[in-house]
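Only one structure is covered here, and it is reproduced in the block below.
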Amino acid sequence: GALLVSERIDREELCGAVSPCSLSFEIVVENPLELYSGAVEIQDINDNDPVFPSSQARLEISESVAAGARFPLESAQDPDVGINSLQTYQLSANPHFTLDVQTKVDGSKYAELVLEKELDREEQRELHLVLTALDGGSPPRSAHVQIHIDVVDANDNAPVFNQSTYKASVRENTPSGTLVARISAYDLDDGPNGEIIYFFSSHTPAKVRELFALDSATGELRVKGQLDYEETKLYEIYLQAKDKGAVPGMAHCKVLVEVIDVNDNAPEVTVTSVYSPVPEDAAPGTVVALLSVTDWDSHDNGLILVRVSDVNDNAPKSSQDSYDVYVPENNMPGIPILNVSATDPDLGRNAHLSYTLLQGDTTVGHLFSINRENGTLYLLASLDHEDQVEFSMMVQVQDGGSPPLATNVSVSVFVTDLNDNAPTVLYPHPNTTTTYPDVVAPGTPAGHMVTKVVAVDADAGYNAWISYTLLQATDPSVFSVGLHSGEISTARQLQEDDPPQHVLVILLKDHGDPVLSASATVSISVAEMVKEVLTDFTDVAPANDPRRHVTFYLILAVILVSAAFFITMLSVGIFKCYKWRQSKELFNSSRSTLYRTPGPFHHIDAVRGGFTPPNFYHQVYLTTDSRQSDLLCKKPFTSSPLGSRQGTMRNGEPGLYHQIVGTASRLPTPAE
């Protein structure tokens, strides 16, 4: 399991300027099969010196150049990275120039000469300086370049770029000749001193010059070589412009070129065989090979996409299981009052949600409506707190899958009360034309409750609290009213000289906003007896009221009808009782007979059969041993059966007798 170095490693050859430099690998362990991924980071050592493009550099600077002018110098290159790369520059001591070391976007360093003291050609025609480049190794490595400066006569105006930094972007693999940027400078001089040429600065590495071309006349920067995003993502190109004067003036600018990645690298699949050949008795699930996939592109271009088709396996989920909504009464119809929010982690149609209001109560369907697409609940009509305080409903959220999945969300709408009802007076009744005064005796002490104003308010809560105040009175000092009870009491003891009649106007107010009110009128009489009050009341009662006569006649008619009905029912009851008693006596007298008359023909049957005239009274006298009745026909019977019976009873002998009354009606049965 030891990992060994098989040949000499050169970090600069393997990774160039990329840091950190790492080599990845995979190790397969068998029995059991396991896969390990690893990486070896190649650490840099300071084994390279900084290198200048040339050992000498030559500059021509006009003696008229003002202090502060800057002159870029060629940069040294160090293939090492990190602290071992180029870190700084040093300039030999001189009275005119200092060195300004700056850092590029990629972290590399470059140096510029800065004129501190103006030059004088008559004093010194040329200067010789030494520029030293140092890396950060221990000990540091260095490189040197000789700088020869010629002091020349003045050129009045130097070229000037219209901007110091240009930015451009270009896709990798762009064909050669594609325009990247166009730089522009101007010179106020005339003739050759005003003609400008463009060229790469000494800061620009040779690699950049191989990839880009600069038109010296137009300043157009074009693609020259093959750009590769995976190699370099950003190029920092330094350009110069100078005129064609005998002593040319110079200007400097920088172009930042961003390389945009394109999907130009196909995924690389590496197959590592584990078993070769595979045994014919290999168990299911045995690993045959390992696959690894890599892509050198970046971001989305470097992903391997595995598409997973969606299944409707998630029901919609609401942010809340239930909602409580409070709506003031007397609302405007059609206003939205709630938005039911739900989500579904599925995709496409499986995540398309629709909202439905379940019609559990028909009232809910008439008052509420929900937007099927976004779940907004609307109120279609104006609500009244006094009519109904709460509405409960169920909203169903359903996705578009097959089969669809749904979730129910309960919604409770509470109607909050507004002060839209004034107090209603129950006593004294405000609509009656006749008022019956309350009576209080003279001398009644203070604090005695005389009467009470009774009122209600259809509103709820604080809006229904009623307060009572005395608005107007015949004598305000006599009576007072309870603020919250409405009880009218004597404010002081009643005196002889107090008015006999008092009319109080009570103001009733609720505690809503705005305050609503009503009034009640109470009449109070100060008298010893009720008769006096009634007499006074008769005097003040309305004289001509046709409704009084109508009421009187109606009451009289009801009394007469009730009396007639009672008398009729009493008469019927007495008559029924009389008939019942008469039938009972006849039945009892017939059952008292101690013998039975034999024979095929009986007188009772004759009477029922119509053989004997119904107007005859038949009297039979029998002995205790008689076996057959003897018919005795007497005079026709014309009087009432009761009278005939009584006469017969009076004329009959004192022995046993049995009488039969022949009539047109049947004989009563024992039950009757």
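In case you wondered, yes, glycine gets a Cβ from its N, Cα and C as well.
Owing to the predicted nature of the structure, the values given are computational and were not obtained by experimental measurement.
As recorded in TrEMBL, the features of this protein are as follows:
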type	residues	note
DOMAIN	53-161	domain 'Cadherin'
DOMAIN	162-269	domain 'Cadherin'
DOMAIN	319-425	domain 'Cadherin'
DOMAIN	432-544	domain 'Cadherin'
TRANSMEM	552-575	transmembrane segment
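Residues belonging to the domain 'Cadherin' (53-161) score a mean pLDDT of 88 in the model. The stretch in 53-161, 162-269, 319-425 that contributes the largest number of Cβ pairs under 8 Å to the domain 'Cadherin' (432-544) is 319-425. Secondary structure by DSSP for the domain 'Cadherin' (53-161): 3 helix, 54 strand, 52 coil. When DSSP labels each residue, the domain 'Cadherin' (162-269) comes out as 10 helix, 48 strand, 50 coil, counted as helix, strand and coil in that order. With DSSP classes pooled into helix, strand and coil, the tally for the domain 'Cadherin' (319-425) is 10 helix, 50 strand, 47 coil.
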